[in-house]
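The next block holds one structure in the form of structure tokens; read it before the comments.
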Amino acid sequence: MSDKGGKGGKSALKSPASKGKDSKGRKVQFDSEDMFDEKFETNGNGNGKSNGKDGTPFAKGKGGKGDKGGSSKKEPPPLLLKVEEELPENAKCLMNCEAAQILQGIQDHMVLLSKDPTIKIPSSFDRALQYANTGNFYTNPHSVRQTLETLKKQDVSDGEICLIANTGIESTKKAFALIPSLKAKKSKVKESLGTALTELNKLKTVTESTIVLD
Amino acid sequence: MFLKVQLSWNVVIPAENLDIKGLMLQKAILVRLLDDFSAKKATKDLGYLLAVTTLDKIGEGKVREHSGDVLFPVNFTCLSFKVFRGEIIEGVVHKILKHGVFMRCGPIENLYLSNQKMSGYQYQVAENPCFLNEKTGSRIEKDATLRCVVIGVKYLEAQKEFQAVVGLEGDYLGPV
């Protein structure tokens, strides 16, 4: 078996027929990868292991294709958010508004905390608080979480939920444009996403008016 | 993106900090945990460590034979910040170069946006250099806030810092 393989490899360099074979082989490989990718997009809850496997060769394969085949100018694949695959089991995504509430709670005790020189605060704390506050469109993180949690039934992941809240998206069109991974679930998600975004907008306007009052 | 993480660490209390009063010991453990937590700064998986939110459990201490220090297993919940590929973030421009701009995003000091990833924008040589989109009139200048998508993330183990490459290619991305 291995001898045969070696032979094939050698002749591939010489004869055009085997070249064709080679390229054909490649084509099949890409097709299968595309199929995998589609599969991944539609089955958002597929097991993490296979998703992770698909993700890497897919990106690599596309790059290779772009370099070699000048004729096929395919656009690079959209950047899909796969937070869940990268996260360890003990970690969970938080929306900016949730983080802002927690960090602000600590900041409110800072006068007391800074009196005690033995208590150390991480150097990233201030800038993280600042970031959480700028990307915070809502005063009531609990209601935001409740509203968006309903989308979980439609396979919307935790990462996507947080991104929706963090970007303050108002329309489904904007949501699908900014979060390409949602597009794969478009037909399933569209209606409930629309309802959720309308709800979120109501929570948002309350926030804006309170800011004005402040 | 902010993360809520549950961790289990071991906290070492030097023998001289051990007190007969239980409350003081608890404080010593907490202070030591906060100290270790701040010193750790960041990890590859969790990103920048920001704050301990709850101390969930302090296990039974074990005495270390040679030093007399006591080691306590501690379970706690904390907050961290990390950016992910595909995430939409907002960065503030702090440096403009001919080939692209550097931005800050929360604790991350260096997000790089290459001029190849902001189609339509041209570099303008001036006293205050900027990138200008002549069609829309939108500018990328110092202190501008940009909404962008994360293309790649890198963790520098030695410095305990994250760096990321971001892009503006997509709808609704650009100066906010």
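Cβ atoms here come from the backbone N, Cα and C positions, even for glycine.
Any TrEMBL annotation is an automated prediction that lacks curation.
Features reported for this protein in TrEMBL:
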REGION    A:1-79  region 'Disordered'
COMPBIAS  A:19-30  compositional bias 'Basic and acidic residues'
COMPBIAS  A:64-76  compositional bias 'Basic and acidic residues'
DOMAIN    A:86-207  domain 'RNA polymerase Rpb4/RPC9 core'
Checklist entry - So what's the average pLDDT for the domain 'RNA polymerase Rpb4/RPC9 core' (A:86-207)? => result 92
Next on the checklist: Per DSSP, what is the helix/strand/coil residue tally across the domain 'RNA polymerase Rpb4/RPC9 core' (A:86-207)?
Outcome noted: 87 helix, 4 strand, 31 coil
